[in-house]
Each structure stands twice: as structure tokens, then as C-alpha cells.
Amino acid sequence: MSLMIYSVLVAFVVSLIQGPILIPLLHKFKFGQNIRSEGPESHKKKSGTPTMGGVIFIISSVITVFVVSRHPSFETKLAIFAFVAFGIIGLIDDSLKIIHKENEGLKAYQKMILLLIVSSIIGFYAYNNPRIGSEIIVPFVHKTWNLGMFYIPFIIFYFAATTNAVNLTDGLDGLATSITLLVMTFFAVVSYATGNYNLAVFCSIVAGALLGFLKYNAYPAQVFMGDTGSLALGGVVGAVAMMLKLPLIVIIVGGIYLAEALSVILQVGSFKLRGKRIFKMSPIHHHFELSGWHETKIVSIFSIITVILCLIGFLSLIKMNGFSL
């Protein structure tokens, strides 16, 4: 437990130190965010805010891993791979947006191909590692499903879902950062309670790095995480849950991610089928914005909801074998 606390503090400080160094550099090289014209009017003033800020918490996390552990475990290495690999895809996407001076980087099929490649690599290594295998645990009922040959296709779909859902959540200052900070704290506790101490330390590191990044990303944001950050966070949330054999619990603790993704699916589906919109704008955080809610109120309420969902997540695991709080 003391190593977890130490890891949080180190990652937090490293993240804080990087802000004053990297943010001016992003300004200098004009790595500013292009705001989509169809977005909320209040977001227009954010145009030019530096993006790619996800590199702050990615670098902080990687540095801290090697500060606190000279020989990272297999689980830590796989989590770092997911974190960095998905982050690189986001970095490419962000770079193209800046080069083209538009809010469109990689084409949808290009991004999906890259996501599928990384997801396949992770799924293959997880499937062939005896400590992970092809089993997943079902929350509440505590039954184990062995997916066998369907495990890798499931993991590919799963990572496509988590990365895109977190990406959609990153639409307000501090929103994706706050939600994922809470989710990673949840996984740190679960990892510790199940004896996965290396993973517990890694989750603590990411949580600490996000806490430091929040100083620069909270309203009014000095920097956006960009796709660099949101895809990396979707990847690391997915990887940690996968290694705990708890990918299904993301549906519970990541309920905000799910709501954001579903709101887009429902909005698009309704408009194509009925010619009518369900929400004023999607993802759903924009609906609340256009309903008169301030960004900070939305972030606060969504964070409170996530705390409640994490408590429900703990309840769903209480009687699981090997789980002890």
C-alpha cells in the first residue's frame, strides 16, 4: 500500500513539472485545437488551445513506472504497451488535424485498422499468457466464462469500444480526465484486493499522473489531452480490466463512457431512421450544455455518478473468490 501512495505522489509531481515545459512548446509550435463549427457556441473561444496534452500523463506514467520498479511485471509491460500504442494512434490523428488545419485527422477506416492491429496484438498476448487466458468474470454472479477461440475477437471489439467511448467523453474541460482518474483509482483498489500488486501500483501511477494533468486540463483548460490522451486512456482502462479478467465491469464503473457512446449511436440512428434527433446535441454532455448547464456542473455531476458506479462495482465483486477489502 505504501508503494501505491508513493507511486501516486511521484506520478503527480512528474505530471505537474511537465505542464510548464510542454504546454509552452505546444503553443510555440502552434499545436492548437481546431473547434468543429457545428459544436456548441461556447466552445468557439477554445479554438487554438494546445492539444496533444495526453503526452503529459503518458510520459509521466512511463517515467514513474521505471522509477518505482526497475523490473516491471508482464502485466505492467502489457498495460504500458496498450497505453503508449493507442496513444501513438491518437498522436498521429492529432498531428494530421493540425497539419490539415481541420478537425479531421485519420479517416475513420484508417483509425479503425490501427486500433484493430493494436487490439489484436494485446489479445494475442493475453490469450497466450496463463495468468490471463481466455476467461472473463461476470460481476455480481461471479461466474467465469471461458470464451476459448472467441476471446481474441471479443478483445478486439472490446478495445474498439473502450477507446472510442473515452474519445467521445473527452468533450469538456476535465471531463475524461476526472472520470478516468476515478476509474483507475477503482482498478487500483480492485488490483490490490485481488493480490495483483504490480497492477495496483501501475493503476496508482496513472491515477497520480491524471491528477497532476487535471491542474492544466480543468476548466478553463490550458491544454486538451487530444486523441493522444483519450485513445491512450481508453486503451489503458481496457487493458487493466482485461488483465483482471473483468472487462465486463467497465460497463458498470465506466457508465459515463457507455452513456456518451450510446447517446451518439441513438442520435445517429434516430436521425437516419426517423429524421429526428433525440438529444439537442450528442455526445450527451453537449445536450446538457445546450440545456443551460455549465461545463463545471456537468463534470462535477458526471464525476459524482462515477463515484457511485464505482461503489456499485465494488459491491458486484464482494463475494468474488480472492477479493478481500
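Positions of Cβ are set from backbone N, Cα and C atoms, glycine also.
Residues or ranges marked as transmembrane segment by Swiss-Prot: 3-23 (among others).
Feature annotation from Swiss-Prot assigns transmembrane segment to 48-68 (among others); the stated evidence is sequence analysis.
The transmembrane segment annotation in Swiss-Prot covers 79-99 (among others), and the record cites sequence analysis as its basis.
What Swiss-Prot lists as transmembrane segment is 106-126 (among others), and the listing cites sequence analysis.
Panel annotation: around the transmembrane segment (136-156), residues 116, 119-120, 122-124, 126-127, 242, 245-249, 252, 313, 316-317, 319-321 of the same chain, lying at least six beyond its termini, place a Cβ under 8 Å from a Cβ of the stretch. Per Swiss-Prot, the feature transmembrane segment maps to 136-156 (among others).
The annotation transmembrane segment is assigned in Swiss-Prot to 174-194 (among others) on the grounds of sequence analysis.
What Swiss-Prot lists as transmembrane segment is 199-219 (among others).
Per Swiss-Prot, the feature transmembrane segment maps to 223-243 (among others); the stated evidence is sequence analysis. Beyond its flanks by at least six residues, the transmembrane segment (223-243) meets 19, 22-23, 26, 33, 49-58, 75, 78-79, 81-87, 89-91, 93-94, 105, 115, 118, 122, 126, 131-132, 155, 158-159, 162-167, 169-170, 176-177, 180, 183-184, 187, 191, 196, 199, 202-203, 206, 213, 216-217, 249-250, 254, 257 of its own chain at Cβ-Cβ distances under 8 Å.
Feature annotation from Swiss-Prot assigns transmembrane segment to 246-266 (among others).
Swiss-Prot lists 298-318 (among others) with the feature transmembrane segment, giving sequence analysis as the kind of evidence. For the transmembrane segment (298-318), the list of distant contacts is 139-140, 142, 172-175, 178-179, 182-183, 185-186, 189-190, 193, 218-219, 246, 249, 252-256, 285, 288-289, 325: same-chain residues at least six beyond its ends, Cβ to Cβ under 8 Å.
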* Structure fact -> Per the Cβ filter (under 8 Å) with a sequence gap of at least 6 from its ends, the transmembrane segment (48-68) is approached by 3, 6-7, 10-11, 14-15, 18-19, 22-23, 26-27, 31-33, 76, 80, 83-84, 87, 90-91, 94-95, 97-98, 201-202, 205-206, 208-210, 212-213, 216-217, 221-230, 232-233
* Between the transmembrane segment (246-266) and the stretches 106-126, 174-194, 199-219, work out which stretch tops the count of Cβ pairs under 8 Å. => 174-194
* Structure fact -> Counting only residues at least 6 beyond its ends, the same-chain positions whose CB falls under 8 A of a CB in the transmembrane segment (3-23) are 50, 53, 55-57, 59-61, 63-64, 67-68, 188, 192, 197, 200-201, 204-213, 215-216, 222-223
* Any residues 6+ beyond the ends of the transmembrane segment (106-126) with a Cβ under 8 Å from its own? -> 78, 81-82, 85-86, 89, 92-93, 96, 132-133, 151-152, 154-156, 158-160, 163, 231, 235, 239, 242-243
